[in-house]
Amino acid sequence: MESRVKVLGHGTHPILVGLPIGLLASAVGFDLLGLITGDKKWRQIAFWNMAAGCLSGWVSMVPGAIDWWFLPGGTRAKRIGLIHAIIGDTTINLFAASWWARRHDPENPPMKATLLALLGGATLGAVGWFGGELVQRMGVSVDDDANLNAPNSLFED
């Protein structure tokens, strides 16, 4: 089922989600690196990655919600899409809470901020799996005419 929100012939949600996934996953890595090494700059980088990851995640939710809205009711895709959305929203909120908990001293965040980020990292993996299930197994956001010899999305032969 084709995406309702496209850029240059491609679904917008799958294009946009790469940024928050990368930023938030690396935020967890930088947070742990700072915790292990004691080097505060890594905690500062994690803080800013979380901010950018949450903002870009909220932006990516808009075309995802539009695509979900147009999925046929009573389908597995509609159910999995809802689970994907709930876990995605939870993930962004966990990272936002982690960011909020460290906002006064990003270089020395409280342990609860690190735990929230770790939990967010775990749910980030789950939301990615459900998103992959939607695209890879159910064809959501895949062009209706997709095939191994499909023409370029910008030009028709």
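Even glycines carry a Cβ here, placed using N, Cα and C.
What you see is a predicted model, and the numbers here were worked out from it, not measured in a lab.
Taken verbatim from TrEMBL:
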- 9-143: domain 'DUF2231' (DOMAIN)
- 15-35: transmembrane segment (TRANSMEM)
- 47-70: transmembrane segment (TRANSMEM)
- 82-101: transmembrane segment (TRANSMEM)
- 113-132: transmembrane segment (TRANSMEM)
- prompt: Looking only at the domain 'DUF2231' (9-143), what is the mean pLDDT?
  reply: 96
- prompt: Counting by DSSP, what is the helix, strand and coil composition of the domain 'DUF2231' (9-143)?
  reply: 109 helix, 2 strand, 24 coil
